[in-house]
Amino acid sequence: MKYKDLRDFIDLLEKRGELKRITQEIDPYLEMTEIADRTLRAKGPALLFENPKGYDIPVLANLFGTPKRVAMGMGQEDVSELREVGKLLAFLKEPEPPKGIKEALGQIPVYKQVLNMPAKEVKKAPCQEVILQGDEVDLTKLPIQHCWPGDAAPLITWGLTVTKGPYKKRQNLGIYRQQLLGKNKIIMRWLSHRGGALDFQEWCKENPGQPYPVSVALGADPATILGAVTPVPDTLSEYAFAGLLRGSKTEVVKSISNDLQVPASAEIVLEGYIMPGEMAPEGPYGDHTGYYNEVDDFPVMTVTHMTHRKNPIYHSTFTGRPPDEPAILGVALNEVFVPILQKQFPEIVDFYLPPEGCSYRMAIVTMKKQYPGHAKRVMMGVWSYLRQFMYTKFVIVCDDDINARDWEDVIWAITTRMDPARDTTLIENTPIDYLDFASPVSGLGSKMGMDATNKWPGETNREWGEPIEMDKATKDRVDDIWQSLNIL
């Protein structure tokens, strides 16, 4: 299941009943959000608004509104198959030499996939069929959603931002929200630890006072979009990972105004620069926490060129109290995370990010405990191994007899296997999401680890409780007569 571009994916979704075309006039101001929100909560299809009020460009929404569609976007038929994607990433993150001929032969398919990694630069691309520059650029002609009543302005939500630092060979792809500021101005809301912000900081040191080139792709193919939100190893580019998912090299084209490579099949591309020191207050916006966030200053991007396909499609989403698309992406990508964590911590049985925890703020881990203090080691590992979890506020560790995805099981473990003073680990002054207004300082807060495992000698002086369980013989006898009892 491979897609050349977003339009291929739309066609397949429609054939499978996973996409609904809406011909009625719908307003990008609030109405699209309400319709997409109701559709997502009902586990409904992707939506193609063909008649946005006041615009002649259709809007694609709720594209990744179910875990199944996320898996399809990664070239898989089912969410369970994403474990294989995670295993591939784990191998690429820490490759191991084969232990023999048989194992070497077994790795051949992986190396064949690796051949699809290098991006392929093309001279002519669909994303540059129409080129606008200078005064021709008018971002207000795009049907950018105004998602919530208290939002400051329309917000670009699926912009795939392409940057490059002065010391790095490869480009960085990241998805950062962008507030519409004017006909040719947007605010780039990237947090200081994110790849784009780090590239910009390095540029400012190396080229003080010089404009920093940036390109933003809208409506890239699913593999490239998802490559930008997946925990790819630092040595692997997002374009390379997209090639692995797609089974063919990612086609890119040089931007018109700079040397950055953008997805050749993207629907719309914004090109321009950020002038060091040019900042603007961003927000407030309703975000994935379910609240409006604080206003803060972020860099301003001046758009000098806008290129697009003929009859482009604008890809959009909203963020709000879970479930929203980021939460659904988290559920699906959870399956990618598990093998990566297990590669480093083989004792981990399962790892779960409950969507109601705003995608990443709470993690539940089940493990095969092997020694006193083992749960705390796993907690620290989760917080430190992948940068995706540096903002995870709560980590709950349970034994492998607990189902990490069943709250009844987890709550039972917490209330019966934990002593709050002994089994709670608090760490202060750690990086926290800037959108987390509960932290005492913006971007800096605390983390809590909860050891809900059975305690070993050395962790307790008391005789530990033995779980109640009926013997198998009795269960079997009752199974035999259960239907005849006619109780239920």
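Glycine is treated like the rest: Cβ placed from N, Cα and C.
What Swiss-Prot records for this protein:
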type     : residues                                                       : note
BINDING  : Asn172, Glu238                                                 : Mn(2+) binding site
BINDING  : Ile175, Tyr176, Arg177, Arg189, Trp190, Leu191, Arg194, Gly195 : prenylated FMN binding site
ACT_SITE : Asp287                                                         : active site, proton donor
**Request:** Would you mind pulling the DSSP three-state label for Ile175 (prenylated FMN binding site)?
**Result:** strand
**Prompt:** At its widest, how many Å does the recorded prenylated FMN site span between Cα atoms of Ile175, Tyr176, Arg177, Arg189, Trp190, Leu191, Arg194, Gly195?
**Reply:** 14
**Asked** In Å, rounded, how far does the Cα of Arg189 (prenylated FMN binding site) sit from the Cα of the residue listed as 'active site, proton donor'?
**Response** 13
**Message:** I'm trying to understand the geometry here, so how far is the Cα atom of Ile175 (prenylated FMN binding site) from the Cα atom of Glu238 (Mn(2+) binding site), in Å to the nearest whole number?
**Reply:** 12
**Item:** Asn172 (Mn(2+) binding site): tally of other CB atoms within 10 A of its CB
**Value:** 19
**Asked** Just how many other Cβ atoms lie inside 10 Å of the Cβ on Arg189 (prenylated FMN binding site)?
**Response** 21
**Asked** According to DSSP, which kind of secondary structure is Trp190 (prenylated FMN binding site) found in, if we only use helix, strand and coil?
**Response** coil
**Message:** Please list, in sequence order, the residues in the chain of Arg177 (prenylated FMN binding site) that are at least six apart in sequence and whose C-beta is under 8 Å away from its C-beta.
**Reply:** Leu155, Ile156, Thr157, Gly159, Arg189, Tyr285
**Fill in**
Listed in sequence order, the recorded positions within 10 angstroms (C-alpha to C-alpha) of Asn172 (Mn(2+) binding site) out of Trp190, Leu191, Gly195, Asp287 are Gly195
**Complete:** Quick note, Gly195 (prenylated FMN binding site): same-chain residues at least 6 apart with CB under 8 Å of its CB -> Thr163, Asn172, Leu173, Gly174
**Asked** Are there any residues in the same chain, six or more apart in sequence, whose C-beta is under 8 angstroms from the C-beta of Trp190 (prenylated FMN binding site), and if so which?
**Response** Thr161, Gly174, Tyr176, Gly196, Ala197, Phe200, Phe298, Pro299
**Message:** Give me the sequence-ordered set of same-chain residues, not including Ile175, Tyr176, Arg177, Arg189, Trp190, Leu191, Arg194, Gly195, with a C-beta within 8 angstroms of the centroid of the prenylated FMN site's C-beta atoms.
**Reply:** Thr161, Gly174, Met188, Gly196, Ala197
**Prompt:** Relative to the Cβ position of Ile175 (prenylated FMN binding site), how many further Cβ atoms are located within 10 Å?
**Reply:** 19
**Item:** Count of other CB atoms lying within 10 Å of the CB belonging to the residue listed as 'active site, proton donor'
**Value:** 23
